[in-house]
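Student: Below is the structure I would like to discuss, written out as structure tokens.
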Amino acid sequence: MSPLKIYGPIRIRSMQTGITKWKEGSFEIVEKDNRVSLLVHYNTGGIPRVFQLSHNIKNVVLRPSGIKQSRLMLTLQDNSFLSIDKVPSKDAEEMRLFLDAVHQNRLHAAMKASQGSGSFGTILGSRTSQKETNRQLSYSDNQASSKRGSLETKDEIPFRKVLGSPGRGPIKTVTGGGMAVTRTIPSLTLTSTPLRSGLLENRTEKRKRMLSGSELTEDYPKENDSSSNNKAMTDPSRKYLTSCREKQLSLKQAEENRTSGLLPLQSSSFYGSRAGSKDYSSGVTNLDRCNVSSQTPSAKRSLGFLPQPTPLSVKKLRCNQDYAGWNRPRVPLSSHQQQLQGFSNLGNTCYMNAILQSLFSLQSFANDLLKQSIPWKKIPFNALIRRFANLLIKKDICNSETKKELLKKVKNAISATAERFSGYVQNDAHEFLSQCLDQLKEDMEKLNKTWKTEPVLGEENLPDTSATKVFTCPVITNLEFEVQHSIICKACGETIPKREQFNDLSIDLPRRKKPLPPRSIQDSLDLFFRAEELEYSCEKCGGKCALVRHKFNRLPRVLILHLKRYSFNVALSLNNKLGQQVIIPRFLTLASHCTESTKPPVTLGWSAPVAISRPLRACQMMNSCITSPSAPSKKFTFKSKSSVTSCLDSDSEDELKRSVVLSQRLCDLPGNEQYQEDVEKDLKLCRLEPGKAELENSGFDRMSEEEVLAAVLEISRREASPVLSPEDDDKPTSSPDTGFAEDDIPEMPENPDAMEIEKSKTITEPGPASFTEITKDCDENKENKTPEGSQGEVDWLQQYDVDREREEQELQQALAQSLQEQEAWEQKEDDDLKRATELSLQEFNNSFLDSLGSDEDSGNEDVFDMEYTEAEAEELKRNAETGALPHSYRLISVVSHIGSTSSSGHYISDVYDIKKQAWFTYNDLEVSKIQEAAVQSDRDRSGYIFFYMHKEIFDELLETEKTSQALSMEVGRAARQAS
């Protein structure tokens with residue numbers, strides 16, 4: 001049957017990857033064993049993405065996109081969204097009909113009715129294989145380079161098999177369940193020998209596998225019985241082939257010792273077997289690399305020999321001379337996976353990098369921050385929560401330079417509130433963590449207050465709208481817990497409860513007794529919650545002594561413990577580090593510090609019901625099934641003359657004509673004065689409610705340019721709203737995953753003069769008449785018409801040249817001044833960074849010998865030691881490995897400090913990745929894998945901050961991840977079987 005494959009720009013949106021950019025590629029249908037899959041290939045190479053279609057299609061939409069072209073949009077059951085644009089309308093319609101058949105379970109009936117016809121019956125019509133061949137060959141001819149073409153072929157290798165017949169014939173590329181494309185290539189034939197994959201050749205070897213003498217005698221004359229070919233038997237290349245037979249004999253023994261599953265080498269599979277042992281394991285790929293046009297018409301050989309061997313053709317046989325990739329061994333698939341990369345050190349910012357890596361590893365924290373549709377446009381541009389979320393989203397998909405800029409913005413947002421973190425001085429990681437969490441809570445509190453006071457479009461008809469204006473704070477939901485302090489009078493027993501909220505606990509080092517083994521973090525935690533006596537005046541009986549007990553009133557999802565390893569030295573005015581060994585258990589238990597009324601952690605389920613129930617703008621939706629790259633509301637306002645001119649200045653005359661017609665229609669509207677007043681009102685309304693315009697234009701991504709213009713014109717007639725440029729149609733302003741706009745990354749210009757220049761150029765809210773004048777001026781400038789007046793053409797040209805020269809001089813001067821200022825600023829920043837780095841290295845080297853710390857007692861006489869019974873000690877020891885006791889917490893991250901003082905040294909973080917189910921060490925930019933046992937043993941003297949997750953929450957996240965991975969593997973296995 002004919003293959004079903006279409007080509008064009010592709011964009012995919014899914015829960016795992018977010019939204020991708022438009023990339024050239026193809027959609028290919030694969031059907032086998034009553035299962036239908038969609039393979040997405042990219043021209044840039046890489047592993048094809050597989051999407052199961054059987055019982056998985058939610059919606060199929062086909063829309064026009066240009067002249068005789070269409071855009072096909074496919075929505076799956078998990079709200080994954082696939083789009084392919086610029087597809088010929090006929091091909092797109094056939095694909096839509098096929099997908100509809102799969103959706104309605106009509107595929108197999110249709111295929112059974114048309115079995116053996118080479119088509120999909122009424123679904124696909126009579127598509128011949130030659131037609132598909134022409135389209136595929138013409139498409140491959142239009143590629144930018146042969147490298148891209150080869151990568152595209154490589155991309156399709158895992159799903160193709162090469163079949164053929166002896167002698168001259170077509171090459172069939174088999175795909176999926178019998179779908180094939182026939183390419184007729186003269187003088188080239190592939191036999192039915194399977195691909196010899198897995199045979200790797202030594203890079204140092206430059207020998208060629210040749211045929212044995214008997215095989216050559218049997219096959220070669222039969223394929224070459226013309227006079228020209230018989231003459232070629234005596235030319236120099238014949239001698240070359242003879243000499244190669246001896247080499248073949250030396251390789252014969254090695255060939256016999258290879259895997260028994262591989263078939264013996266045959267004459268016509270010379271290149272096929274060689275390609276199987278190189279980077280490109282497909283015969284089709286090797287054919288693409290052969291220069292077919294250079295062969296003589298009389299050549300009738302099989303693929304094993306080049307026609308009319310000459311020194312030039314012999315040179316071409318040695319492919320390694322032209323392309324080094326032929327000699328390169330096949331790289332394992334695992335090496336193609338993206339290398340993990342941490343955060344760059346901006347200059348003594350290792351404390352920030354370590355804390356950010358530990359926080360970002362908390363999957364529930366990240367979900368609460370990104371998946372509750374926070375209205376980011378209502379949050380100030382430099383707010384920490386906005387910078388924080390932006391870095392969290394892009395840390396795994398952007399390059400190191402972009403990541404460095406995002407880190408600077410996070411640091412600036414912190415420094416704006418806490419000046420001690422400005423500059424490049426080493427700071428305490430725990431202080432940074434506390435400041436970060438407090439600032440995130442403040443930002444969320446401000447957002448909720450703003451959200452309650454401002455009216456939201458579309459909520460007038462919703463019941464109980466006040467309850468829909470609350471967003472969950474990720475810090476409160478995941479990290480905050482509540483402790484109840486009960487003050488009990490020892491005289492009368494009067495109890496006074498007091499509650500206190502914490503984001504983390506600062507616990508003391510437990511005192512170590514020489515004969516006993518080192519204490520653990522469990523001991524320090526129990527030490528914190530021990531009952532203690534204090535002086536307290538009882539209001540009831542006047543007693544002066546009371547007992548204080550501490551119990552958890554509400555548990556967190558993640559418990560952060562700060563181990564106080566520093567003691568202040570009064571003489572030196574320094575915080576000396578205590579290197580006492582503290583055992584790091586895998587599990588902690590809070591059972592002895594909880595009561596029957598203790599509330600468990602907030603259950604998973606990131607979607608706050610009140611926040612999700614509200615009507616969301618498309619730019620805020622994480623899992624929306626419709627992409628909405630509508631322009632920001634600021635683009636709905638009338639722009640300055642210069643900006644409109646630049647917008648209309650295009651090489652396309654049709655676009656200019658459409659703009660002129662649009663402006664004339666606006667001028668023809670009745671009541672220009674009333675129209676101007678309405679425009680001013682709408683502009684003010686857009687400033688107050690920027691989301692309104694976005695809601696009205698959320699569907700522009702699906703429309704063509706003509707439809708967008710018509711829609712905007714209709715809106716302007718009905719509501720007197722400003723006009724949206726059609727050029728903004730295909731420029732997404734936000735990601736459907738998070739709602740962040742693309743302009744979140746660049747900063748505002750720091751030069752105030754540049755901002756003043758922009759303000760001076762802006763014409764405030766011109767009416768339709770002025771818009772028409774601007775368009776006409778643009779038209780005149782584009783046509784280079786001479787203005788009417790008393791001056792002649794020569795005078796006007798001279799004046800034009802003078803003005804142009806003056807403008808160029810002013811532009812050059814401004815550019816030179818800007819470059820000088822930029823260079824001076826960069827030089828100053830580099831000098832500061834260099835000095836800070838040198839200072840950090842010097843302090844680190846001085847304190848490195850002291851980094852191991854002292855194994856002596858903490859020396860804190862005020863700290864009591866915890867005493868356990870033998871049974872309690874044994875139970876705690878077992879729980880440290882199993883987590884069997886109630887309210888157990890599992891270790892998921894450790895922030896360690898290497899050094900002797902808090903103002904020097906270096907911070908690193910060890911993080912457990914739930915998705916990869918492995919531990920990783922983040923040392924600024926370097927990331928390495930580490931075993932959990934190594935974390936527990938290597939950080940017992942340097943561990944500073946510990947993150948423990950509630951065992952039930954951890955198990956639920958881990959089970960969810962395992963289920964997701966198993967499902968992905970099942971889909972991949974089904975796709976491989978279908979191929």
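For all residues, glycine too, the Cβ spot is worked out from N, Cα and C.
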Student: What residue among SER228, SER298, SER650, SER904 has an entry for phosphoserine in Swiss-Prot?
Tutor: SER650
Student: Given the candidates SER187, SER197, SER652, specify the residue that Swiss-Prot annotates with phosphoserine.
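Tutor: Going through SER187, SER197, SER652 one by one, Swiss-Prot annotates SER652 as phosphoserine.
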Student: Can you say which of 71-79, 323-331, 953-961, 971-979 is given as motif 'D-box 1' in Swiss-Prot?
Tutor: 71-79
Student: Please find, within the list 96-105, 546-555, 606-615, the residue stretch that Swiss-Prot describes as motif 'D-box 2'.
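Tutor: Among 96-105, 546-555, 606-615, the range Swiss-Prot annotates as motif 'D-box 2' is 96-105.
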Student: For the motif 'D-box 1' (71-79), what are the DSSP-based totals of helix, strand and coil residues?
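Tutor: Result for the motif 'D-box 1' (71-79), in helix, strand, coil order: 0 helix, 6 strand, 3 coil.
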Student: Indicate whether HIS906 (active site, proton acceptor) is helix, strand or coil by DSSP.
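Tutor: Its secondary structure by DSSP: strand.
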Student: Grab the same-chain neighbours of the motif 'D-box 1' (71-79) for me: Cβ-Cβ under 8 Å, and only residues 6 or more beyond its ends, written as numbers and ranges.
Tutor: 6, 14-15, 27, 38, 51, 56-65, 85-87, 92, 95-96, 99, 623-625, 702
Student: Could you say whether, by DSSP, CYS350 (active site, nucleophile) belongs to a helix, a strand or a coil region?
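Tutor: In three-state terms, CYS350 (active site, nucleophile) counts as helix.
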Student: Within the domain 'UIM 2' (806-825), count helix residues (DSSP H, G, I), strand residues (E, B) and coil residues, in that order.
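Tutor: Taking each residue of the domain 'UIM 2' (806-825) in turn, the totals are 20 helix, 0 strand, 0 coil.
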Student: Fill in the CA-CA distance, CYS350 (active site, nucleophile) to HIS906 (active site, proton acceptor), as an integer in Å.
Tutor: 6
Student: I'd like the number of other C-beta atoms within 10 A of the C-beta of HIS906 (active site, proton acceptor), please.
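Tutor: Cβ-Cβ neighbours of HIS906 (active site, proton acceptor) within 10 Å number 24.
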Student: When you measure from the Cβ of CYS350 (active site, nucleophile), how many other Cβ atoms are you left with inside 10 Å?
Tutor: 26
